[in-house]
């Protein structure tokens, strides 16, 4: 019998509780599996957690707000500490927002936490989506999860917009007025739909209670369910990992959930909450008392929506007004339909459908768990940057009045510049990004084939100067050569051997064209043969400098320069293989 | 009457007459000139008008014309009144530094006495709005809530909900109002400088103007929620959410990611 230390009382209680739970729920197996679940380590994998944690912050602060907010459009006269509103007629929703801000203890802080967290939530979703997009994490088997994430983005917009309108102030009322206009611009059903939404003529008496239900029940409920699905998929698919030696599509290199990630994520929750609370405690957000209660007539300069809706505002501001068409007795408001429906429609459809478009162009049915380095997929990276550029130009166009006042420029000139840029900018960004990616890939090839420059110049007895290059170690090299070279699809000819037209050729041809657009311009990774040729070339030089230079195409060397190679232990561990 | 007639030939008679004439002019001016007892007293004498005219000829006539009747480069000033001069010169907009979309404020070029002299001269050219009294512009006497309602119906579409300013077409803009003195605010409403419409006393009554001044006086620096971020609305909030919020959080993520596990 071995002597074991007697358990302390605390250990006894903990063990007893765990045992009690395990016998009744079988939680032990569950904890065992999850505690040992491996996740790869990288800071960019925490971006989605910012979204999750800010959403939790939103839920907690939102519950506080619902206790004091009155979702009613009944007219009251305000009596309270804010002098500029005393005796002013307003809806109960606005009055209760003022009470919440000025009379409820901690109410203003909670309101500001809620609103800042909402801005951070959307910003984190977009940043996380950018990470997933540029690293190709949406590839098989994760296409469905990309769509779930996309739906979360759209629902985030819906949650933000419905909540933003709840206080019934002038600024958000202007937003609702635009919504009303957009709805009415829909051909045929527009005015009926508007009456349906607002319960009569805008603004009506029904909207605030309806938005309240949407904001606190419907949208958050769906978001919670989809977050559950999103995380379930992460566990099911296992997490993606960045490329590196020892990592493949068949393994996950990282640390267990418990205790590493429980500690990291737990700590990060408090960091996220802390940053939001810090912002809420020091920076004013949505001061509704400045805007006053909603009244359809006034509008103030600098009336803009929160940042995630700003691209729609910009789209509307850019559209020339003369595009309104009157057919018979009917008005077709292209000046609203195009900027408010077609433009976001194009942007969002491209975003949602991109994984499927790329899979179609690539013809790749394999599973991918190792992420791409953005430079290795120039088309995708350039495409993502160009969508972001379009979005950013629209955001700037939505702020054109502030640009005009702060940079002393003409509002009209700015608007015209953006009208041109919205067409030219994305193409230019695409071209520049693709060139940068190809350039970086060339640099990688150069490094793999010739090694790092050391700055050591050696002079031979015959007077020749040579720079010594230090070859990459195995880990460095693997990072630069591990990816597949994706080539445009080859298709079967249009006619078979007997000259009969082949079925499905047209689709194949379209697919090939798409594939060529994606992968025509490419720099392929260095192959083992090329590497070997390059090395022998170096050795050869070291022995006989007068030797014939290797063909440039073979080594991919730019300029075909000569170099010496430093002998070095290629398998030295330098911590890169973490 | 006999005594008066007897002394008519006295050597001192012209001086007495002159004094009487001055008294009469001053008295008439005080009665007729519409409410023009500013905090900085505007006792326009003929002397002031004369000095004002000299200042005008030296500093303003090149654009507004020697008779202030306007040229191609500057409007006529006949009938604009003392309030317009006090606003334009008192905020440094005039004399104009350079032509552009609109005259920009700059350091004031004259002292208050000279501004009053200029104002007296321009007021003498034709009847126009006078400089308001201290009582007319006292924010303490205004009704803030009423001022808010009038402000957002008449002013907010250009000057922003709390007077932080906003853009107009072709490089023109409605300026921030927080640093503008109550007198200048009143004068601006009364005279409608540059792109601004005139809000005369029939449109917005003097009491309502004072309410507006009381409302603006409350803004700028009154921010219960912390830093006001320029009071520019959601664009600056979004910018700070990205810069401060996402900046700090991504920084923290990199730090946590770099921590050895």
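Cβ coordinates come from backbone N, Cα and C, glycine included.
What TrEMBL says about this one:
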- B:47-126: domain 'Cytochrome c' (DOMAIN)
- B:60, B:63, B:64: heme c 1 binding site (BINDING)
- B:142-220: domain 'Cytochrome c' (DOMAIN)
- B:155, B:158, B:159: heme c 2 binding site (BINDING)
- B:239-258: transmembrane segment (TRANSMEM)
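Applying an under-8 Å Cβ distance to chain A, the binding-site residues B:60, B:63, B:64, B:155 reduce to an empty list. A sphere of 10 angstroms centred on the C-beta of residue B:159 (heme c 2 binding site) encloses 24 other C-beta atoms.
Across the fold, the C-alpha of residue B:155 (heme c 2 binding site) and the C-alpha of residue B:63 (heme c 1 binding site) stand 30 Å from each other. Residue B:63 (heme c 1 binding site) and residue B:159 (heme c 2 binding site) have their C-alpha atoms 29 Å apart, to the nearest angstrom.
Tertiary proximity for the transmembrane segment (B:239-258) is limited to same-chain residues at least six positions away from its ends with a CB under 8 Å from its CB atoms, namely 229. Same-chain residues that are not part of B:60, B:63, B:64 yet have a Cβ within 8 Å of the Cβ center of the heme c 1 site turn out to be B:56, B:59, B:61, B:62, B:65, B:68, B:71, B:73, B:74, B:77, B:94, B:95. Across the structure, residue B:159 (heme c 2 binding site) and residue B:64 (heme c 1 binding site) place their CA atoms 28 angstrom apart. Look at the domain 'Cytochrome c' (B:47-126): DSSP puts its residues at 41 helix, 2 strand, 37 coil. Secondary structure of the domain 'Cytochrome c' (B:142-220), assigned with DSSP and counted as helix (H, G, I), strand (E, B) and coil, comes to 41 helix, 4 strand, 34 coil. Between residue B:158 (heme c 2 binding site) and residue B:60 (heme c 1 binding site), the C-alpha separation comes to 29 Å. Less than 8 angstroms from the CB of residue B:64 (heme c 1 binding site) sit B:56, B:70, B:71, B:74, B:75, B:76, B:77, each of them six or more residues away in the same chain. Residue B:158 (heme c 2 binding site): 20 other CB atoms within 10 A of its CB, across all protein chains.
Summary: among the binding-site residues (B:60, B:63, B:155), the fewest other C-beta atoms within 10 A of the C-beta are counted at B:63.
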